[in-house]
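Chemist: Annotated disulfide bond per Swiss-Prot: Cys35-Cys49, Cys42-Cys55, Cys46-Cys82, Cys48-Cys65, Cys57-Cys63, in sequence order. Taken from Swiss-Prot, the feature signal peptide applies to 1-16, supported by sequence analysis.
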Amino acid sequence: MKVAIVFLSLLVLAFASESIEENREEFPVEESARCGDINAACKEDCDCCGYTTACDCYWSKSCKCREAAIVIYTAPKKKLTC
């Protein structure tokens, strides 16, 4: 009886892991591929990952993703526009 339960558990685990692999193949593009991390090049706030980062073009010649100084303003703005 115990052997049958272990066998069925392994069978269910095998089917579950197969299902997860199929889902990964359906959606190959991850969130990290669509947005930039800190210090990544950007053109607008939506190019930066997370709600606390913004595209900063003010202090440097090239625009880069930086932590926002005013998160209370940046987070709702990114939720509405991105």
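First residue shown is number 1, and so on along the chain.
Glycine is no exception: its Cβ is also placed from the backbone N, Cα and C atoms.
Each of these features: where is it, how hidden is it, and who are its neighbours?
Modeler: DSSP classifies Cys35 (disulfide bond) as coil under the three-state reduction. In sequence order, Cys46, Asp47, Cys48, Cys49, Gly50 are the residues of the chain that are 6 or more apart from Cys35 (disulfide bond) and have a CB within less than 8 Å of its CB.
Taking a C-beta cut-off of under 8 Å and a sequence gap of six or more, Cys42 (disulfide bond) has these contacts in its own chain: Gly36, Cys48, Cys55, Cys63, Lys64, Cys65. Look at Cys42 (disulfide bond): DSSP puts it in coil.
Residue environment of Cys48 (disulfide bond) contains 27 other Cβ atoms, counted within 10 Å of its Cβ in all protein chains.
Around Cys57 (disulfide bond), the same-chain residues six or more apart in sequence whose CB sits under 8 Å from its CB are Cys63, listed in sequence order. In the three-state DSSP scheme, Cys57 (disulfide bond) falls into the coil class.
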